[in-house]
Amino acid sequence: MAQFYSAKRRTTTRQIITVSVNDLDSFGQGVARHNGKTLFIPGLLPQENAEVTVTEDKKQYARAKVVRRLSDSPERETPRCPHFGVCGGCQQQHASVDLQQRSKSAALARLMKHEVSEVIADVPWGYRRRARLSLNYLPKTQQLQMGFRKAGSSDIVDVKQCPILVPQLEALLPKVRACLGSLQAMRHLGHVELVQATSGTLMILRHTAPLSSADREKLECFSHSEGLDLYLAPDSEILETVSGEMPWYDSNGLRLTFSPRDFIQVNAGVNQKMVARALEWLDVEPEDRVLDLFCGMGNFTLPLATQAASVVGVEGVPALVEKGQQNARLNGLQNVTFYHENLEEDVTKQPWAKNGFDKVLLDPARAGAAGVMQQIIKLEPIRIVYVSCNPATLARDSEALLKAGYTIARLAMLDMFPHTGHLESMVLFSRVK
């Protein structure tokens, strides 16, 4: 009788190698060389030696993890957050702020093939004025998890503190946890958002089943005792205001109202400096006509209108156009108009563009602005400021302007998200005479 044996599972022992790290990439990974190949190692810093094992081996590069660190960089710091290394929110708390800024600036300079002229930064801790915390009910313990996703996973890190949040929001975390953990609807909660506006603190609760009257009463009592504006979201389309007025924030001396679900820059300090520097770079004169593309609800548009003869803001989301118009009225600005347009189409043929523009500002999403670069070139502005949240699409879009005779006059790294791998930037293009 034939007998069949299952093959023994092959076991491979990963080789331990010793490496010296010579660089830090913009994502906070140590960069070393081994056998002529670039090696990326999370958790290591320049000037550090370590024993590592290779976890992924590609043709051009490899990834490794630390087995034992043999030396420490003088720029290594003790992370402030007890969740660092598990939570996916921050990647660089182990590095000095100066090293973080240098590595991001170097990465930006390489992509843009141009020197970074300045870093626009603010406080490195307590800067984040918005947080979205995932909620998950654990049947075994009958407890509610509240926190951020683990690095590279959909699992939740139960967050007790978060030092990058503005102090008002960090102080709220245990109170929000206790309130939500006492609700009958604990099993049917999706996430909670906390927003710190100039007007006050907002709490937006996403729930997937109707709330009982007892739960609603608990939430209302909590919002009143903590001085919160409370919003309930039974689905992705509906937002019910339970308490509070229209929120607003200050932007360079102006008051901008927004809906709790509207995008606002999470770093208020860097946003203020970024807007001020953009106006300075554009060198706005009282007789200038200025165009603001991807304008949102007027973060740049309205401050521009305080200096220019006229400003046109163009946006693809109708609700944001309406909000921009409302903010212009609230601030008594009559020289600014907002238009809803598909920015993939040629907007230079619109009636509002017939007189051209002296200066142009654009602040697109991560996908960049490939569809509008030729339109901007047609308008022949003297100066262009491009604000970017994705250096790769910025580099791609810049090529069109450089080929059309523009040059990079200034390049800034925006340290909008300290301790993370996010890299934002701003470029001034000038037309060659």
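Cβ coordinates are placed from backbone N, Cα and C, and glycine is handled just like the others.
Per Swiss-Prot, the features are:
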- 10-68: domain 'TRAM' (DOMAIN)
- CYS81, CYS87, CYS90, CYS162: [4Fe-4S] cluster binding site (BINDING)
- GLN265, PHE294, ASN299, GLU315, ASN342, ASP363: S-adenosyl-L-methionine binding site (BINDING)
- CYS389: active site, nucleophile (ACT_SITE)
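Projection of Swiss-Prot feature records onto the structure.
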| residue | record | contacts (Cβ under 8 Å, 6+ apart) |
| --- | --- | --- |
| CYS81 | [4Fe-4S] cluster binding site | CYS87, CYS90, GLN93, GLN161, CYS162, PRO163, ILE164 |
| GLN265 | S-adenosyl-L-methionine binding site | ASN271, MET274, ASN299, MET416 |
| PHE294 | S-adenosyl-L-methionine binding site | VAL314, GLU315, GLY316, LEU343, LEU362, ASP363, PRO364, ALA365, ALA369 |
| ASN342 | S-adenosyl-L-methionine binding site | GLY316 |
| CYS389 | active site, nucleophile | ALA365, ARG366, MET416, HIS422, GLU424 |
Next on the checklist: Per DSSP, what is the helix/strand/coil residue tally across the domain 'TRAM' (10-68)?
Outcome noted: 0 helix, 38 strand, 21 coil
Checklist outcome for this item: The mean pLDDT across the domain 'TRAM' (10-68) is 90
Item to check | Cβ neighbours of ASN299 (S-adenosyl-L-methionine binding site) where a neighbour is any other Cβ within 10 Å | outcome: 27
Checklist entry - In the same chain, which residues outside the set CYS81, CYS87, CYS90, CYS162 have their CB within 8 A of the centroid of the CB atoms that define the [4Fe-4S] cluster site? => result HIS83, PHE84, GLY89, GLN93, PHE148, VAL159, PRO163, ILE164, HIS419
Item to check | Most Cβ neighbours inside 10 Å, all chains, among the binding-site residues CYS87, CYS90, CYS162 | outcome: CYS90
